[in-house]
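Engineer: Okay, here's the structure, questions in a sec.
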Amino acid sequence: MTRETILHPTRRSLLAGGAAALTAAALPRYAQAQSSEPIRLGFQLHRTGIGAAYGRWYERTALAALKVVNEAGGIAGRPVEILFEDDATDPRRGAEVVEKLATQARVDLIFGPLFSHVVIGSAPRAGELKIPYLVCSEGYHVASGKLNRWTLQPGITDVRAQVTAMAPFVTENLGKKVTMIFPDYAFGHDHRDFFTEAVAAQGGEVIAQIAIPPTETSFTRYFPRIPRDTEVLYHVMVGPAVLTFVKELGEFYGSGAKPEIFGFIDSLEAVDIASPGLEFLEGSHFWEGQCRMLQPDASEAETFYRDAVGVDANGAAIEDPNNVSCYGHMFSVWETLFAIKEGMEACGWRGPQDRQAFVEAVEAFTDMPAGRERPQGAKVFNAKLHQAFGHQFITKLEGGKLVKVHETSIEDSLYESDVDYTAMSF
Amino acid sequence: MRMIALHLAVLAVLAALQFVLPAYHHTNAARIMVLATYAIGFNIAFGYSGLLSLGHALFFAGGMYATGLLVDQGGWQPWLALVAGPLAGGALAAAVGLLALRTAGPAFMIVTLMFAQAFHLAILYWGRFTGGDEGFTLSGAARRIGAFDLADPATRYTAAFLLFGAAMLGCLALARSRTGRVLVAVRENEERTRMLGYDTFRAKLFALALSGLISGAAGATYGLMFGYVGGSFASIQYSILPLIWVLLGGAGTVLGPLLGTALMFYLIDWASSVTTASQFVVGAVLILLVLFAPRGLLGLVRDHAMRRLP
């Protein structure tokens, strides 16, 4: 029989002691693993479907922002990963992607979608799963109050704010009698309703509203409906028929007198402004979320962002001048990632148990100053609406270049609303 | 008897899966069962009766919008609105059938497609009520049927299972009934069936209305289960999808729609995880299917192993 002493331990006590020592040695490592394990963010990406042109630039912007964040130490010292999942720009698949990212990939939160029908189709599922869902969507659906406490939009302004801010410029500089041409679905209807209201508030008048069915491929028959006394033609067409639309509009007016033309850059995102057939737009004005072409007064933050994403002075990919970006919208991805960083650091993010605290931390945002985190410009976050408000840019096409002629203030874009997400339960 | 046992065994497996599936697959299974119900509806028209419709999104979305609008804007009780969904799908299918069934073959495809497109555009046009392409979300209260909350995963799974079970057993009963055999006869040789004294127009109208009713039930349930009603469900894509599911699983088989829907769901899910060219993978699989199993997977099984598979 072997007697156990400190100097002569038995084999069993040695094994037990060894196991205890190993456990003890592993404990600090585990504790460290918890504090340094990567933060995993899910990205709902329009890689295929009608949003694909935006999707590839949203992915590129997200990766550029991720690199900057990680090089600067990540979020609260933890590295950050992004998992991209294609939603095919389809609301059903969008909800499935939210499900997949949340319950299978177990990401901490989800961000990135643009198309409003995908956002509206996915947001209920994000609310059920109680996972923060930060959208880069521009539509009026977040601020309208129709979604839920878990859905936030801190990185881009909404259509209602955009048109409210720009109406004064249109009525004061271009004309007071406006004819609107817009696609006959929800995005176009937001423009129709809110721009008409905003123009009336400025003493102007929308004298005709021409809705184009989304399946239309030729527009010639709609142009005779533009009243003769139209001073400004407001267009916000999207999709592959845009080039045809502009070309046929040019043929309709020919070289004769034509009204001032004001359009949303949505009409020409990812399209080279120098494309044949677009010459007609020379001299017309555009709304841009951020100026596609590098302006002489561009801030250091803007050029830093442009370089980081790899966009040249004309708004195209550095490696391929024909690959034109969605510059007017894609900053929202960059700014949303930095808003996530700020929100997580403000709430002392540890893991999914802090999701509610994260939403509350974002709701506590007020002034969001300009800087590398917000290269598009300063913003103010309205917690009740879960919506950021910011500056808008109006550019004029001169000599094939989009030149900035006006920047609205944040106050220009504010509007009254009864919506209060903070009063909703989680 | 063996065949009935096989189908009951499938239902038993689906019922048991509820307790073992991890969260992600649990919800996927619920989705798949509701979409497979839609495919069963389509299969009654296409697989059993030979009516290749390209407008079934009309019936699916018709049911979804009837229930969604009634509960959201009409203030109806969710259970009552849920009953209205299939009725709307069936009524739309009967109305379309009265006109479209005067045609056959490619003309039938075009006419049904035309009706579905008109419905899709109507949803976009009356966006003030329907939410247009964006659609609208349903509140928590709109998704509670009595004490049952469809936002709860277990309740959702059970609801999907009950819907699918009813549709599958109904389809099985139909396939084994006299009416079912008449439908197959119409599919195989309509002229001869008519010559034998059957009213083939009535048979086809019945098949299309039943198909629309089941599709409408699936659409209504899908809307309530996931809290969203949207115009994309009325687009042509949702007329093509059940065709693909049924072709993959096996047209004219009771279990084919479930198999096809599940396989296609997970094929897309898997492919999008491993490659950015997921649609290419899906396309390649469909080409292989056409080349090597033109009757679908269960069609292949029926041809080689289980000749009496309904």
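Counting begins at 1 with the first residue displayed.
Quick reminder: no glycine exception, Cβ is built from N, Cα and C everywhere.
Sharing the feature lines straight out of TrEMBL:
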type: TRANSMEM; residues: B:46-67; note: transmembrane segment
type: TRANSMEM; residues: B:79-101; note: transmembrane segment
type: TRANSMEM; residues: B:107-126; note: transmembrane segment
type: TRANSMEM; residues: B:157-175; note: transmembrane segment
type: TRANSMEM; residues: B:205-231; note: transmembrane segment
type: TRANSMEM; residues: B:243-268; note: transmembrane segment
type: TRANSMEM; residues: B:280-301; note: transmembrane segment
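Tell me about the setting of these features in this model.
Structural biologist: Below 8 angstroms of C-beta separation, residues 38, 81-82, 84-90, 92-93, 96, 100-101, 105, 108-117, 119-120, 123, 130, 174-175, 180, 183-184, 186-188, 190, 203-204, 207-208, 211-213, 215-220, 222-224, 229, 231, 233-240, 242-243, 246, 250-253, 256 of the same chain, each at least six residues beyond the ends of the transmembrane segment (B:46-67), sit close to that stretch.
Long-range neighbours of the transmembrane segment (B:157-175) within the same chain, counting only residues 6 or more positions beyond its ends whose Cβ lies under 8 Å from a Cβ of the stretch, are 4, 7, 10-11, 14-15, 18, 26-27, 29-31, 33-34, 36-37, 40-41, 43-44, 48, 148, 150, 183, 210, 214, 217-218, 221, 225, 254-255, 258, 310.
Under 8 Å from some Cβ of the transmembrane segment (B:205-231) lie the Cβ atoms of residues 30-31, 34-35, 37-38, 40-42, 44-45, 48-49, 51, 53, 56, 59-69, 71-72, 78, 81-82, 84-94, 96-98, 100-101, 120, 123-124, 130-138, 142-143, 145, 150-151, 156, 159-160, 163, 167, 170, 174, 179, 183, 186, 242, all in the same chain and six or more residues away from its ends.
Distant neighbours of the transmembrane segment (B:280-301): 244, 246-253, 255-256, 259-260, 263-264, 267-268, 271, 309; these residues of the same chain sit at least 6 beyond its ends, with a Cβ under 8 Å from one of its Cβ atoms.
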Engineer: Could you pull out which residues elsewhere in the chain have a CB under 8 Å from any CB of the transmembrane segment (B:79-101), counting only those six or more residues past its ends?
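Structural biologist: Result: 41, 51, 53, 55, 58-60, 62-68, 70-71, 108, 111-112, 115, 119, 145-146, 201, 204-205, 208-217, 219-221, 223-224.
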